[in-house]
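Chemist: Before I ask anything, here is the structure I am working with.
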Amino acid sequence: MGLLTIVKKQKLRDREIRCLLLGLDNAGKSTIVNQLLPQERRQQHVSPTVGFAIHNIEMGPYNVSIWDVGGQTTLRPFWDNYYDTTDVLVWCIDLSSSHRLPESLHELQPFLMGDSRVIIAVNKCDLLQDYQSELLELQNRLPKVHFVPCSGRTGMGMRELCSAIASCTI
């Protein structure tokens with residue numbers, strides 16, 4: 001058992017979860033975080049993240065630190081620096097931009113080899129009439145990953161996303 005695994009297990013005993021939120025630019029990461037915040041902490045307008053932002057949110061018995069890291073091409077080489085002490089990775093995909101799906105899955109690949117649990121937030125489902133077929137195709141391509149269809153704009157799927165994050169186990 002490595003030192004990082006021991007540290008992660010202790011954090012879970014202390015009811016702390018470190019969640020890293022990654023995905024391509026304009027996938028809706030910050031909008032999802034905004035929906036997860038308590039009503040009094042939500043922003044009226046969400047702007048793209050330059051660098052990273054950390055938000056602490058209570059999810060059931062856990063204190064979750066969500067690291068929202070910008071998805072611009074210039075920031076992607078630094079993503080793995082944030083990954084080391086992560087308990088759960090939430091990868092955000094913009095399902096309404098199907099032309100960017102191959103790029104998103106390519107950027108996700110290195111993180112699928114790591115120790116952290118991976119959840120894919122399939123965002124912007126509200127913009128598609130029938131997202132089920134595209135979701136099924138993604139699930140077939142990545143059968144070991146947990147998928148949560150959601151909409152950061154409407155709040156659809158946020159409860160399920162919180163449950164998936166809070167149920168993170170090592």
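Note: Cβ is positioned from N, Cα and C throughout, glycine not excepted.
Residues or ranges marked as GTP binding site in TrEMBL: Gly23, Leu24, Asp25, Asn26, Ala27, Gly28, Lys29, Ser30, Gly71, Asn123, Lys124, Cys125, Asp126. Summarising the annotation, TrEMBL assigns Mg(2+) binding site to Ser30, Thr49.
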Chemist: At the Cα level, what's the spacing in Å between Gly23 (GTP binding site) and Thr49 (Mg(2+) binding site), rounded?
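Modeler: Spelling it out, the Cα of Gly23 (GTP binding site) and the Cα of Thr49 (Mg(2+) binding site) are 12 Å apart.
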Chemist: Measuring Cα to Cα, how far is Asp25 (GTP binding site) from Thr49 (Mg(2+) binding site) in Å?
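Modeler: Pair distance, Cα basis, whole Å: 9 Å.
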Chemist: Given that the record lists Gly23, Leu24, Asp25, Asn26, Ala27, Gly28, Lys29, Ser30, Gly71, Asn123, Lys124, Cys125, Asp126 as binding GTP, what is the largest C-alpha to C-alpha distance among them, in Å?
Modeler: 22
Chemist: What count of other C-beta atoms do you get within 10 angstroms of the C-beta of Lys124 (GTP binding site), across all chains shown?
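Modeler: Taking every protein chain into account, the count is 25.
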Chemist: Return only the integer: C-alpha distance in Å from Lys29 (GTP binding site) to Thr49 (Mg(2+) binding site).
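Modeler: Spelling it out, the Cα of Lys29 (GTP binding site) and the Cα of Thr49 (Mg(2+) binding site) are 9 Å apart.
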Chemist: Find the one among the binding-site residues Gly71, Lys124, Asp126 whose C-alpha lies closest to that of Ser30 (Mg(2+) binding site).
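Modeler: The answer is Gly71.
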Chemist: To the nearest whole angstrom, state the Cα distance for the pair Thr49 (Mg(2+) binding site) and Asp126 (GTP binding site).
Modeler: 22
Chemist: Report, as a single number, how many Cβ atoms besides its own are within 10 Å of the Cβ of Asp126 (GTP binding site).
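Modeler: For Asp126 (GTP binding site), the count of other Cβ atoms within 10 Å is 18.
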Chemist: Taking the Cβ of Gly23 (GTP binding site) as the centre, how many other Cβ atoms fall within a 10 Å radius?
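Modeler: There are 25 such Cβ atoms around Gly23 (GTP binding site).
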Chemist: Which one of the binding-site residues (Lys29, Gly71) has its C-beta surrounded by the most other C-beta atoms within 10 angstroms?
Modeler: Lys29
Chemist: Using a 10 angstroms cut-off on Cβ to Cβ distances, just flag whichever of Ser30, Thr49 is the loneliest among these binding-site residues.
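Modeler: Result for the binding-site residues Ser30, Thr49: minimum number of other Cβ atoms within 10 Å at Thr49.
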Chemist: Through the lens of DSSP with three states only, how would you label Ala27 (GTP binding site)?
Modeler: coil
Chemist: I need the most crowded of these binding-site residues: Asp25, Ala27. Count other C-beta atoms within 10 angstroms of each C-beta and give me the top one.
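Modeler: By the 10 Å Cβ neighbour count, Ala27 comes out on top.
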